[in-house]
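First up is the structure itself, then whatever we jot down about it.
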Amino acid sequence: MSTVLEALRMVAAPDVVLAILLSSIYGLVVGCLPGLSATMATALLVPVTFYLSPIAAIATIISASAMAIFSGDIPGTLLRIPGTPASAAYTDEAYAMTRKGRPELALGICLWFSAIGGIAGTISLVAMAPLLAEIAFSFSTYEYFWLGIMGLMCATLVARSSPVKAIASMLLGLLISCVGMENPGGVPRFTFGLTDLLGGIEAVPALVGAFAVSEVMRALLQPEPPKLAHRRFGSILAGQIALTKQYWKQMTRGNVIGIIIGVLPGAGADMAAWVSYAMAKKFSKEPQKFGTGHPEGLVEAGASNNASLASGWVPSLLFGIPGDTITAIAIGVLYMKGLNPGPTLFTERASSMYALYIIFLIANIIMIPLGIMMIRGTSHVMRAPRAAIMPVVLVCAAVGSFATGNNLSAVLIVAAFGIIGYVLEANGYPVAGMVLGIVMGSMVEQSFVTSLIKSDGSILPFFDRPVSAILAAMTFAALLWPVAIWLWGRPKAAKRAQPA
Amino acid sequence: MLLSDRVTGGAVAALGAAAAYVGAQLPPVPGQEVGPAAFPTLIGLLLILCGGLIAFGVGRSFEDEAEAAVEESEVAHGAPHAAPPTPLRSLKAALPPALLLFYVLAVDRLGFVPTTFLMIVAMVFAFGGRWRLALALGTIGPVAVHLVFYKLLRVPLPAGLLPMPWS
């Protein structure tokens, strides 16, 4: 009990309260701007968290990302431009509702079920993390190696692109993580004689470059999105209780699927939303109504993506393996603040963990009033032209990355990764895989090399320990899944190609 | 699509070959079989494999499906269609990294506020904004960012030609 009180005291500190409030508003505004994703919002916040207390830093990341995931639904609903990739799955459905003249109902569903999903995810985090921590104590480097690889493989499955290209871009990220002296031999690798590269390529500037700068570059070549007509909304929450009663089954299923996908390393909110929307359609009694402005799919997918956001912290906190790109950033912040991920976090820093749960709950509760304010003010925010937003994003990318180490070479890394991210994305290589590769590279290499040294170069122990074997099987399943889909789809495609 | 799969796949394979070659020559840790060379060499070999598969078009069908789905929904909803990028227009995308390079070269001499003023003005024009917006944003933006990062977060931003009253 005393740890809970201690945690409450930590959260009630003025700097933490202020951090939650300001980063919530920031997350809502950035998430709602088309083209600025939740990941980008979080990446640009990291330099600011350097200068905050540990709890305030984590509060910043949690509230900004939760708000941005909800807020991404707003431009999706009103303009059919998803604010974040996690909203893309049900954008058409929400927009169809707007065209039927019921945007407030669509936005209300997104807000209400996002908040419920977030709370369900938090409860799962509270319940699962300590249990899994017990199991995680028995994990050796073999298990950590497979967990890392499985996370990377899941990330390639989520990408809606060629799986081979997704794997290639993930390998590229692993290769980038090899740069520097942080390796088993302590020798400089791939530094090309540059002292700036001896410390390796920092993840934060790479993230900012790949997510923020490349986004600005892409925006330069795309036409300005259409302007939003000013409109007054009716009551946002009206009818939500009735919908909750009517669709409680869908909501619960969405929450559960979101939680499960969030816990899987490497798969996050985007995948949760796609899977849940498809699930809602498959099990619906009225699947023909989907895509015409039917609330069922919105309820399930909205409940799912926010649930996965909270449960995505489970692998991050326990193993240091990110559930998605947002928690990949969060892990960097955790290390920086001395809260190194691992099972011991739950025994030694229990009060910090309780504080984290409380922040999650607060963020999802204040999401409702703040979200309503955001929806009402959204036409003002979205009237800002890109010419006013993108230049500021670029300057923030430069200053923010400089602030990570007061070193100008970080700004060069941002520029380089902007180009790399842009070129990769333009050619169908998903950037998220590369970023996860960079973040997890040294952990994967360390567990790989340590395991091989322990086993005298034999690869047998990678497979004959029980948990190892299960994780290995799951990894290979993720690898072979696309092959199965391809083999299964081939006869159909051939049939289609032949003239009837 | 910017480049053909043959080109990008070939580039991936070449990168993998270089990584495997350089990686394999890293000095081992005395007395141990597995050292710093193992991981980069393995990654390099896998990259060669992936690059080869991409160059021969394996996995291409997944992309076609995703693209078809996107196009279908765009057509159905009458979304604005981007003008086909000409080589000259695509060059515009190089502006943000070029401005970051300019920042690195100029910030110590010009100072933070003048450098970012120029960056913002250039970006506003690149997005088709007007003079008034460029001047207003270029004046307020850098000063506000400087105030937050220098004063609140204590990041040592160079003063250069135009020191701020709080620096």
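Yeah, the Cβs are placed from backbone N, Cα and C, and that goes for glycine too.
Annotated features, as they stand in TrEMBL:
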type	residues	note
TRANSMEM	A:12-36	transmembrane segment
DOMAIN	A:18-436	domain 'DUF112'
TRANSMEM	A:48-70	transmembrane segment
TRANSMEM	A:105-129	transmembrane segment
TRANSMEM	A:141-159	transmembrane segment
TRANSMEM	A:256-277	transmembrane segment
TRANSMEM	A:354-372	transmembrane segment
TRANSMEM	A:384-402	transmembrane segment
TRANSMEM	A:408-424	transmembrane segment
TRANSMEM	A:469-488	transmembrane segment
Two-stretch contact, the transmembrane segment (A:12-36) and the transmembrane segment (A:408-424), at least three Cβ pairs under 8 Å: no
When counting Cβ pairs under 8 Å to the transmembrane segment (A:256-277), the leader among A:48-70, A:141-159, A:354-372, A:384-402, A:408-424: A:141-159
Stretch in A:48-70, A:141-159, A:354-372, A:384-402, A:469-488 most in contact with the transmembrane segment (A:105-129), if contact is a CB pair under 8 A: A:354-372
Reported mean pLDDT - the domain 'DUF112' (A:18-436): 85
Among A:141-159, A:354-372, A:469-488, stretch most in contact with the transmembrane segment (A:48-70) (C-beta, under 8 angstroms): A:354-372
Annotated stretches the transmembrane segment (A:141-159) and the transmembrane segment (A:384-402) touching (3 or more Cβ pairs under 8 Å): no
